[in-house]
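Trainee: One structure coming up, written as structure tokens, with questions to follow.
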Amino acid sequence: MSKMAEQKAAAVDGLGGAGAADAAPAGEAAAARVRPVETLLRAAPLGLCVAAMTVMLRDQQSNEYGTVAYSDLGGFKYLVYANGLCAAYSLVSAFYTAVPRPATVSRSWVVFLLDQVFTYLILAAGAAAAELLYLAYNGDKEVTWSEACGVFGSFCRQARTSVAITFGTVLCFILLSLISSYRLFSAYEAPPSSALGSKGVEIAAYPR
């Protein structure tokens, strides 16, 4: 009986090893199929960032009441800087993704963290600029700020276009963050039942 049990265990181990060997090429093939799609997704924010930055840089209006430009408002300047940084990151990350390389947990962590940083960066820039636009259109009676878009309508419309494009960039970066987070955390196995402590506390599993 013991010999039969040992033979069965050896057979199971052999099947497991073969399955693991087959899984590696399958995983590499799947990554090769997904790579062009992810490369395009990472390149898409580049055009949006450049468009939003260009529209805002050209935003200026002069009339009998005076002259106003994007550089007069800190929130709009932050929007320009954030779009410039995100455009550079989009270009670099697209090239990085396009080049085939073995996936490692450390690389997945780097991409995940950078995606998070730039997602929050562009989100904060869009939110700050949107708040400025709200005040420009509606004013603030609490501090006796009057609305300005009735006087500088062209300036406000151009700024609104730039902010709208920026929020399109935000959606792209959110999608990229979801992809990189899935790739990272799918590299970790769920803890087996034996990893539960006596008090039902789970012990973190090691990466594959």
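Sequential numbering from 1, following the chain as shown.
Glycine residues also receive a Cβ, built from the backbone N, Cα and C atoms like all the rest.
So Swiss-Prot says this about it:
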type	residues	note
TOPO_DOM	1-36	topological domain 'Cytoplasmic'
TRANSMEM	37-57	transmembrane segment
TOPO_DOM	58-78	topological domain 'Extracellular'
TRANSMEM	79-99	transmembrane segment
TOPO_DOM	100-108	topological domain 'Cytoplasmic'
TRANSMEM	109-129	transmembrane segment
TOPO_DOM	130-161	topological domain 'Extracellular'
TRANSMEM	162-182	transmembrane segment
TOPO_DOM	183-208	topological domain 'Cytoplasmic'
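Map the listed features onto the structure and describe their local environment.
Mentor: Sequence-distant contacts of the topological domain 'Extracellular' (58-78) (same chain, at least 6 residues past either end, Cβ-Cβ under 8 Å): 124-125, 128-129, 131-132, 148, 151-152, 154-155, 158-159, 162.
Across the topological domain 'Cytoplasmic' (100-108), the prediction's mean pLDDT works out to 80.
Long-range neighbours of the transmembrane segment (109-129) within the same chain, counting only residues 6 or more positions beyond its ends whose Cβ lies under 8 Å from a Cβ of the stretch, are 49, 75-76, 78-79, 81-83, 85-86, 89, 93, 96, 159, 162-163, 166-167, 169-170, 173-174, 176-177, 180-181, 183-184.
Within its own chain, the topological domain 'Extracellular' (130-161) has Cβ neighbours under 8 Å at 55-56, 58-61, 63, 65, 68, 70, 73, 75-76, 167, counting only residues six or more beyond its boundaries.
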